[in-house]
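The Zn(2+) binding site annotation in Swiss-Prot covers HIS124, HIS128, HIS134 and rests on sequence analysis. Positions annotated as region 'Disordered' by Swiss-Prot: 162-205.
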Amino acid sequence: MVPLIDIAVESPRWTEAGNEGEDPLSLDALVEAAIGAAVARAGIALHAEAEVSLLFCDDAFIRGLNHQWRGLDKPTNVLSFPSDEDLEDARLLGDIIIAFETSAGEAKAEAKSLAAHVSHLVVHGFLHLIGYDHEEAEEAEEMERMEQVILADLGIADPYHGTAPVAPGGEAQVPNEALETSGKRQDHSLGEILPGGMSRRLAGS
């Protein structure tokens, strides 16, 4: 069962255009496909009213969150804030935040479409919400394998192909910057941190 999906768009960059030569992203369809594929492959049982929230923002906004929750005063591509409830009981699985400038820059540098890269970031963020991590080398390898299979189901090439999937320190990496780890939820929600962008809800199935 795909959870209910809440999407909020804080930065107009997400709705104006993709990278050069690309059409604007269809965020609703992209997110629903990515999370649906992740749920199917992970084989998880979710609460009937499970919900996940996504915020599409700019680098300045995610930099503030990264500094507040992880002590890193820099923008990043994606942050995840899992619920502290047990997965099978959680009505709110958590939040995924993705920044436009960093994500678009990575996609361009890696010669991949913005849609493919953002799909990867959504999958990566959602896997954090359901318990995957990459703090240790073994965890990173397991998470990367799951990402590769899910993205293949979506018709997206292996994002780690030609790179060192696991760095010596155990971080899962892509060119330019590692996909970011999750933060602690600390009982916050996107409703508390969102400055008033566009939002919409997709029905689960």
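Glycine too: its Cβ is placed from the backbone N, Cα and C atoms.
This view paints the features noted in Swiss-Prot onto the structure.
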{"residue": "HIS124", "record": "Zn(2+) binding site", "Cβ within 10 Å": "31"}
{"residue": "HIS128", "record": "Zn(2+) binding site", "Cβ within 10 Å": "23"}
{"residue": "HIS134", "record": "Zn(2+) binding site", "Cβ within 10 Å": "27"}
Under a three-state reading of DSSP, tell me whether HIS124 (Zn(2+) binding site) is helix, strand or coil.
helix
